[in-house]
Amino acid sequence: LLLLLEATLLQLASGSRHPFYNGFYYNHIMNDMGNGQDKDYFNGPKLVVETSKDPVYSYSGANITLPCHYRYEPDPGAKRKIRIKWSKLRDDYTKEQDVMVAIGKTSVAFGDFKGRAHLHQASQHEASLVISDVRLKDDGKYRCEVIDGLEDESDVVDLRLQGIVFPYQPPRGQYRLNFHEAEQVCQDQGAILATFHQLFQAWSEGLDWCNAGWLADGTVQYPIRLPRKPCGGLHLAPGIRSYGPRHRHLHRFDAYCFSSMLRGEVFYLDRLTGMTLEEAKQSCQEAGAEIAQVGHLYSAWKFLGLDRCSAGWLADGSVRYPIVKPRPNCGPAEPGVRTFGFPSKGRFGVFCYKER
């Protein structure tokens, strides 16, 4: 019986439909136009599905509920046999990723959502989705689909992670990354490639960077707040400059990475004589932590107010420091994460990261 139920759920996830009688009635009407096309006219209660019209905000490591409710107009009263399917959509709605399907109290989650996704049904007509231990790539649009026999209605809710976009260049220098290498360097920094929506949000908050970088959809773009000659020209309005889709293996650019709020803390360690990179890693381990990644430092700067006018090593071999309140001898007059690049030698402090 369990195998049969799972097979039914898998068929539902793949898009198959097996109608069953549910109290709805359909009148089959012969088309009198003589073109051989008949039409079914629905005559019965209308199924309505509704999700949140506003985005639902969360952060990495949290548990989140994506609301979804359905109703009938008019309400037939009797309880019905409902199938529920949740899918994650691309921004352009052209492709879906199955999240979970459910019939009654039995459900199956798929892919990365196994063990993390389940339904919340506090009321009779609720089909809300609970995602536990939210991950960076969970950010996006989700479709709640309710199937009642021949009736199939859905609505979309937007899950947005609170985070920060930062441009990234590897130690080799500018424009050295193809798309797949850009994906990897972001992962190495505790981040993922940013989406266009995330880059646009960062631009609206003040991000201005003249180097073109990969985004998650394979396009190459860059955000400009202050138009200038090397960045598209003086006469173009502020905005997101786009190179469009590029060849993911052959073309090389920088990367725009996205990191969310932290589940831990970033702290600074130093010695009177400073440390080499290897000594810095060892000092973090002795403190019960690990050397921080670039994404950790940006997140701590934005969400935890980390402000330190002392340069420190990070895991990628770069030396940086975060400034919330600009002041003399601490770099430019704007807040930000300053960088010394990737020094081959030198002695500095270190930023460590420890999960709570």
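Even glycines carry a Cβ here, placed using N, Cα and C.
Bear in mind that TrEMBL entries carry predicted annotations, made automatically and left uncurated.
Looking at the candidates Cys284, Cys330, TrEMBL gives Cys330 as the cysteine bonded to Cys309 by a disulfide. Distance from the CA of Cys210 (disulfide bond) to the CA of Cys330 (disulfide bond) is 22 Å.
Taking the Cα atom of each, Cys210 (disulfide bond) and Cys309 (disulfide bond) are about 25 angstrom apart. Sorting the domain 'Ig-like' (45-157) by DSSP state (H, G, I as helix; E, B as strand; all else coil) yields 6 helix, 62 strand, 45 coil.
DSSP assignment over the domain 'Link' (265-354) gives 20 helix, 26 strand, 44 coil.
For Cys210 (disulfide bond), the Cβ neighbour count at a 10 Å cut-off comes to 14, with all displayed protein chains included.
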